[in-house]
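One structure below.
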Amino acid sequence: MWQRSPSDGKMAGETSESSGTSLLHDAAATASKPRHFLKDVIFHGKFQLLNCLTPEENTGCQHGLYFQDGERRVDYILTYHIKKPSSSRSNRQSSRFTDNAFTRSLRRGTARLGRAPPPQPRGDPEVASQDHSMDYHVDDKRLHREEFEGNLRDMGMELEKDEDTKTPGVGFVKIHAPWHVLCREAEFMKLKMPTKKVYEMKQSTGVGAKINTLVNKVTEPLYPNVEDNRTQNIKHLSYMFSREKQHLFDLSDRDSFFDSKTRASIVFEVLKRTKCTKAKYSMGFTSLLGSGVYTDAYPLHDGDLDGENVEPNDRKLLYEEWASYSVFYKYQPIGLVRKYFGEKIGLYFAWLGLYTQMLIPASLVGVIVFLYGCATVDDNIPSMEICHPKNNITMCPLCDRACSYWKLKEACGTARASHLFDNPATVFFSIFMALWAAMFMEHWKRRQMRLNYEWDLTGFEEEEEELKDHPRAEYELRVMQKSLKKEHKTQKNPTEIAEETTNKWKQTVQSAMAGLQLTEKEKLTCRDRLPAYMTNVVMMLLMIGVTFAIVFGVILYRISTKTALHMSNNPTTRSNVRLTVKTTAAIINLVVILILDEVYGAVARWLTVLEVPKTDKSFEERLIFKTFILKFVNAFTPIIYIAFFRGRLVGRPGSYLYVFESYRMEECAHGGCLMELCIQLSITMLGKQLIQNNLFEIGIPKLKKLIRYIKSKRRSFQEEEREKKLQRYETDHFLEPFAGLTPEYMEMIIQFGFVTLFVASFPLAPLFALLNNIIEIRLDAKKFVAELRRPVAARAKDIGIWYNLLRAVAKVAVIINAFVISFTSDFIPRLVYQYMYSPDGSMHDFVNHTLSYFNVSNFQDGKEPMDPQHQVEMCRYKDYREPPWSNTPYVISKEFWAVLAARLAFVIVFQNVVMLMSDIVDWLIPDIPKDISLQIHKEKILMVELFMKEEQGKIQFIDSMIPCGGKEKHNNHAPIARSRSIPHTHSHTHANNF
């Protein structure tokens, strides 16, 4: 009955029950413990087990990182709801046990015979509560749990329950994967593990090596204080783990060979493969979570972050060297992040770190461009002409009736501010940012390839495809519902059903097998998903329409507010109409964007759930696509309107374009719409970063922590002491579940759009993005380490669909910046005037050239100013039209067509030149660094040599075992031996040709 596990030397199938307050429970525990407990203590010297009799006094057991024996580590936790009896909290009883082989076989045998399973100990709260009132739903969940946990034990897992916790209503199942299970699953998952073979990585020589050495010395203070913070010259040769080739690996310390991250991912794979088949339909692990059989599932963090006598662990090291704001200037310990959280999260933070580093040169160039605009504002001839005191140009009213004529020199401040962002350096900066985006993409591909080599991820895509194909709980539920409908249509008549019920055991087995086969055959087709697809299309169009409607509403707000402020009696209010309207409208747009961001995120998730994707990968990709479309449209629609549509559909004095026959379309300021675009872009970008990052990601967790602190003040001293003694799995239970990397990536992709799409109008965007990301890295790090449950490590070779979105944004940015420079700014009109119409090749009289004349007698009835402050006959407006005294008054002039042709030509030339330069950068920079390609090739050669040496050793061993008298016979069979060894070696060579 008591067998030792061949893998780790521990007792397999033990039963250990903790003492409780019930005397009967103590008696049962006493009867079962001596059979293995005293034997371990006396004969095997496991004196540390004595401390486990009092878990509150044992540090290892109290922290909840180990089983009750203090040796087996908890690799995974399952939680479920338990129904507590009506007795007081002090009378709760413990149910910590590990089933032995006898009780498991007894339960399975009674289940086969159709009888109820043996009663649980009296300390089981669920069974005790059933004595008063039978809850069939809860009992059904309990049976599912028993079957699932039994199947897990059959898979080799070791389980231990704990229902006597300080978390009311929650039971915990602790799962431990023994050594033989870890080896088996690592081989199934084709995990690459380091072998004993160590080789030296090739280092560069010559000038490059000296430069690298100098750079390393200079940047020495920027590296975190962790073991793997620097690139090492020695690397272990990695190979896919195999139980037949364990001699290749260093197994001297089995406890640390598979780290906690790998152990948790192995257990998670076993959980996903394990199913409940005794029910009518097969239920997988995700279905059990979705139906409430289990409420949560998560791996444990390695330990505490702070406190007295906290043992060193990777989590504490990450908190000190990565998640602290005091180390904001240091590099991230990406290797340690990958070791603790897995490759997928490690790649995200590596990408975010590289993106932040690449923002440094972009920020410097952007600041230089801005300073150039500040330095040349006093030398700008057009703004000097507008601000000249002798300028007496009278402009046409900005609105009907309420607005009066105004002098052009009143726009002096706007004209000078526009030059800060609308100058020749802006064109250079746009080209620079397009090339910067291309270099960032290439640099990331090289960085990604280097990480793949360092993390032993080269050539694993084909191996991962099969492992990712686990159906989601919602998909299984929909397939089950579809199967039920088909079964209901083919249901038998009641008399046959009544006859079959006489044999319950036969009916149960047949229905379970039929349900399993039917579920495996059924799948959701496009016809099943057609209503969901139609709903997706309609809702996506509706949400985009809502965004357009809100933008149109803000337009009406600007028009009406401008008219109302012009009617004010306060001269200060009338003089600051434009600034007031621009700023308030931008703030309204920001508030709406923040609100709709949350709404669109929820809508995108709801629409994706309706589609019922089969796998988590498919679900994530569809969710990302919908969320990106909605949030991108939400963030950039107001900006696109200002950049390309505002001031284009206005008309002219005497023939303006109206909305709803009363709202006149708004015009751009005399300096163009670029200044207004800059205001809208800066407020939206800074507002999203400050509010979403600081308020949502920092403020809300702080508020929750404050509320918990206030509640704790109201508790008694005993309650506070109870909180201090929570087990590790209880503490992690109260952390927020990991919701994926989609929100983190989405936030950065939208920011990347702000940095690249309209950078011609706001050269300081990279600087503000850099400052935000310095905080964002540490903020995300603190959230992952201290505020979230530990996610299951996921292997990933790249950042997936996000890279395609980045490339798409970078390509679109080239086109948008070309249109911003040519149509939104005055760069092209200035060039056309300087080289075609200026008498001396200078910019003198450029302002007068861009203004057309209008005879005030041609105003429509009821549209002229009510109280004109100036008696004028002619007013000016910005457009290229013929004067009223010409043969074709107010017709578009030839200058307009010349400027339009130049603008279109600039767009075509700019787009093709910049994209050609980007392609050249892409071609010049190889995707794989040369040293990495050499190292990968070297690894293949070393692996072949390792297996050739192994085969030669086998042949020599066989030769040594053959007697001398049998050499002649051996020589006759030598070709056969060689023929057997060659294919063996070839197979290993082929397997390692990754």
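Glycine is no exception: its Cβ is also placed from the backbone N, Cα and C atoms.
Here the structure is a predicted model, which means the values were calculated and not measured.
Taken from TrEMBL, the feature compositional bias 'Low complexity' applies to 87-96.
The annotation domain 'Anoctamin dimerisation' is assigned in TrEMBL to 66-334.
The annotation domain 'Anoctamin transmembrane' is assigned in TrEMBL to 337-939.
What TrEMBL lists as region 'Disordered' is 1-22 (among others).
Annotated region 'Disordered' per TrEMBL: 85-131 (among others), in sequence order.
The feature transmembrane segment is assigned by TrEMBL to 348-372 (among others).
Beyond its flanks by at least six residues, the transmembrane segment (425-441) meets 354-355, 358, 361-362, 365-366, 368-369, 372-373, 755-756, 759-761, 763, 766, 803, 806-807, 810, 813-814, 817-818, 820-821, 825, 827, 910, 914-915, 917-918, 921-922, 925 of its own chain at Cβ-Cβ distances under 8 Å. Under the heading transmembrane segment, TrEMBL lists 425-441 (among others).
Feature annotation from TrEMBL assigns transmembrane segment to 537-559 (among others). The list of residues near the transmembrane segment (537-559) in space but at least 6 beyond its ends in sequence, with Cβ under 8 angstroms from a Cβ of it, reads 399, 581, 585, 588-589, 592, 596, 600, 603, 607, 626, 629-630, 633-634, 637-638, 641, 659, 663-666.
The transmembrane segment annotation in TrEMBL covers 579-603 (among others). Residues 539, 543, 546-547, 550-551, 554, 557-558, 561-562, 565, 573, 627, 630-631, 634-635, 638, 676, 679-680, 683-684, 687-688, 691-692, 743 of the same chain lie 6 or more positions beyond the ends of the transmembrane segment (579-603) yet place their CB under 8 Å from a CB of it.
Annotation comment: TrEMBL describes 623-644 (among others) as transmembrane segment. Counting same-chain residues at least six beyond the ends of the transmembrane segment (623-644), those with a Cβ under 8 angstroms from any Cβ of the stretch are 536, 540, 543-544, 547-548, 551, 554-555, 589, 593, 596-597, 600-601, 603-605, 607-608, 673, 676-677, 680-681, 684, 688, 742, 745-746, 749-750, 753-754, 757-758, 761, 801-802, 805, 816, 819-820, 823-824.
Under the heading transmembrane segment, TrEMBL lists 748-771 (among others).
Marked as transmembrane segment by TrEMBL: 805-828 (among others). Long-range contacts of the transmembrane segment (805-828) within the same chain, counting only residues at least 6 positions beyond its ends with a Cβ under 8 Å from a Cβ of the stretch, are 382, 422, 424, 426-427, 430, 433-434, 437-438, 441, 624, 628, 643-644, 671-674, 677, 749, 752-753, 756-761, 850, 899, 902-904, 906-907, 910-911, 914-915, 918.
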